[in-house]
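Following: one structure in structure tokens, then a few remarks.
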Amino acid sequence: MSTATTTTTEQQKKKLCEICKVSRPILKRPKTGESICKECFYTVFEDEIHHTIVDNQLFKRGDKVAIGASGGKDSTVLAEIMTKLNKKYDYGLDLFLLSIDEGITGYRDDSLETVKRNQEQYQIPLKILSYKELYNWTMDEIVKEIGLKNNCTFCGVFRRQALDRGAIILGANKIVTGHNADDIAETVLINLLRGDIPRLQRCVNIVTGSEGALPRSKPFKYTYQKEIVMYAYFKKLDYFSTECIYAPNAYRGHVRDFLKDLEAIRPSIIIDIIHSGENFHFNEEFKMPVQGTCIQCGYISSNQLCMACELLKNLNSGLAKVKLSLHNKKLKSTNPQHQLDENNNQNNNNLEIKI
Ligand code: SF4
Ligand SMILES: [Zn+2]
Ligand SMILES: [Zn+2]
């Protein structure tokens, strides 16, 4: 065979999907750099999530699982994948969509319309629970009261409880959220930069919340954000992509940009950071706070009042604006659980919120 013929054959080979070696590749996998066809992409994407679920024993037959659904791309892909894998591998799960309505006009009201359409598309029951019903405040009202500086502190604390309460109303025993590998790598870096050891210790766990509230898991723990976007795009999924109108210019945004720069040089950086986080060894002398229950609402808390009741007390007394800055100082100073709660809130300042 002449050199020219060999080169042409090699070029043709190169143009074939690196997995099936049959079809033409249409994308380069961000996670591995492989050029693959659409069908092979769907297969590897879905299979990797299936393996994450099975290897980590996230569910057992008969579980009732509430999917935190915001209408954004991650939670929409999560609803699609959970429905698909549940059927394909006969997980035997009862799935529900659970949306939290923070009461943000022009943002959440629109995204909830997407979730309502998802309910019909996936044929899963949907529960929408609002801050107004639970706390008698909407985020619009809270922002009017306290301004834009600490709004996400309130929103994050309220959302966390709202998800648990909504799941309990649905009769669910587990919650899944659309947090992906990029989110987790960002959180590792944020906690490392802040020196927040308790949060650093927990943030790579694929299941959290088992200590009191319902267990929450992250089936997308090893799934790249870019691949979720590609999957949503190729599957033409119906999702909402606008950012919260009260989104701050969060610390997380800077870490995200930093991570994107690193990823451009070394695509494996996201998984590498997660693996580093999984392999940290912590000083065993560090004491985690003792969990009790809030004397007002019964939610898990290491203090007499849980964070939501504490924040509500300030809101209802009209003192939220004044007290929050003092309160934040107190949070930073002594109580590790408060530090945890505070960081949970800060970690909720995502551009797309995973509820
Ligand atoms: S950015 Fe997120 S946490 Fe902050 S107000 Fe909007 S929805 Fe709530
Ligand atoms: Zn292929
Ligand atoms: Zn409470």
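A Cβ is built for glycine as well, from the same backbone N, Cα and C atoms used for every other residue.
All annotation found in TrEMBL is predicted automatically rather than curated by experts.
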Need one residue: from ILE100, ILE104, ILE146, ILE206, the one TrEMBL lists with GLY68, ALA69, SER70, ASP74, GLY178, ASP183 for ATP.
ILE100
Considering each pair of residues in GLY68, ALA69, SER70, ASP74, ILE100, GLY178, ASP183, all listed as binding ATP, report the largest CA to CA distance in Å, no decimals.
20
Within the domain 'Cytoplasmic tRNA 2-thiolation protein 1 C-terminal' (292-322), what mean pLDDT does the predicted structure show?
88
Other C-beta atoms that fall within 10 angstroms of the C-beta of SER70 (ATP binding site):
28
If H, G and I count as helix, E and B as strand, and all else as coil, what does DSSP give for ALA69 (ATP binding site)?
coil
